[in-house]
């Protein structure tokens, strides 16, 4: 493996949403009308959250009163679609503020009245657990032809260098995700897929996939096994093998308070597996915890590759766990994600 001195590049292809968050004393029962303790409007979307996570965790914020950054350890590009409205502008501005390259974010001028995506989130304050209703809007206008060439996976700036890692979720049309997987595979770009919200995918989506990051529900839906199977470490291994047999190289299952399970295929370094305990945290809001995990893990992947080092998956999972634990101790999505120096 050769060492490169250039900054590693991560492209995030996914959703950009405005989050409308209501904080309540308990999740409402069917037919129940209740008054929220507070309400917040903030930038979100799994794609944008993961881009911000990569950006913030690749930099140290030099001052709480300054927008300047220390030298980045990775260059992050966001690809997605927003409406020509104030929410779309807010999303782009927030991404740029955190150091994300937004030249690949399209602003829709047609069809007329196309709106920026929106998520309605209800957070149970005593537990920090959330429930989310998603309205994709502009995100569903991101079509396969927009990602059919490797140049589409880069920023639109002068340097058209392909990414070292492509991160995707499923809040954009599935055909677009499948096309991007095909484009990445044809051009030797590794992919991290976080298939949320989960829907059944064809086997071709997993063939050659470098990293699959799923929670328990997603693991069950995509493997075809009952979620109860994941209650034991033996069951987690069974689920992991399902994906490895489909061609996935590394499988990660996040388990909330139980921790994180990982499993790799054979390869040159042999197979590895393990169950890492969750970090202790005072949970306030679980929004963006999984996105923070993905961002930290992705950075470890590309930085190790650029340095020509063997990827330490257990170390990467532990660091990602630590970052996610910091996130759940704060309210909100992108604002709750820590900067690199906050984890030292």
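Placement of Cβ uses the backbone N, Cα and C atoms for every residue, glycine included.
No curator has checked TrEMBL annotations; they are predicted automatically.
Going by TrEMBL, these are the annotated features:
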ACT_SITE  291  active site, proton acceptor
BINDING   17, 18, 19, 45, 46, 47, 48, 49, 171, 291  substrate binding site
BINDING   215, 254, 255, 256, 257, 258, 259, 290, 291, 321  ATP binding site
BINDING   285, 287, 327, 330, 332, 336  K(+) binding site
DOMAIN    9-339  domain 'Carbohydrate kinase PfkB'
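Recorded features from TrEMBL, shown on the structure.
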residue	record	contacts (Cβ under 8 Å, 6+ apart)
19	substrate binding site	40, 41, 42, 43, 44, 45, 118, 119, 121, 287, 332, 333
48	substrate binding site	12, 14, 15, 16, 17, 78, 80, 91, 94, 95, 334
171	substrate binding site	14, 15, 17, 45, 46, 47, 117, 134, 136, 139, 196, 197
215	ATP binding site	196, 253, 254, 255, 256, 290
257	ATP binding site	278
259	ATP binding site	275, 276, 277, 278, 321
291	active site, proton acceptor	46, 49, 50, 53, 194, 333, 337
330	K(+) binding site	284, 285, 336
Other CB atoms, at most 10 A from the CB of residue 46 (substrate binding site): 29
Span of 17, 18, 19, 45, 46, 47, 48, 49, 171, 291 around substrate - largest C-alpha separation, Å: 16
Cβ neighbours within the same chain of residue 327 (K(+) binding site) - under 8 Å, at least six residues apart: 288, 289, 292, 336, 337, 338
Substrate site shell beyond 17, 18, 19, 45, 46, 47, 48, 49, 171, 291, criterion: Cβ within 8 Å of Cβ centroid: 14, 15, 16, 43, 44, 117, 119, 333
Segment-level pLDDT (mean, integer) for the domain 'Carbohydrate kinase PfkB' (9-339): 91
Env. residues of K(+) site, Cβ within 8 Å of mean position of 285, 287, 327, 330, 332, 336 Cβ: 284, 286, 288, 289, 328, 329, 331, 333, 335, 337
Cβ neighbour count (within 10 Å, all chains shown) around residue 17 (substrate binding site): 33
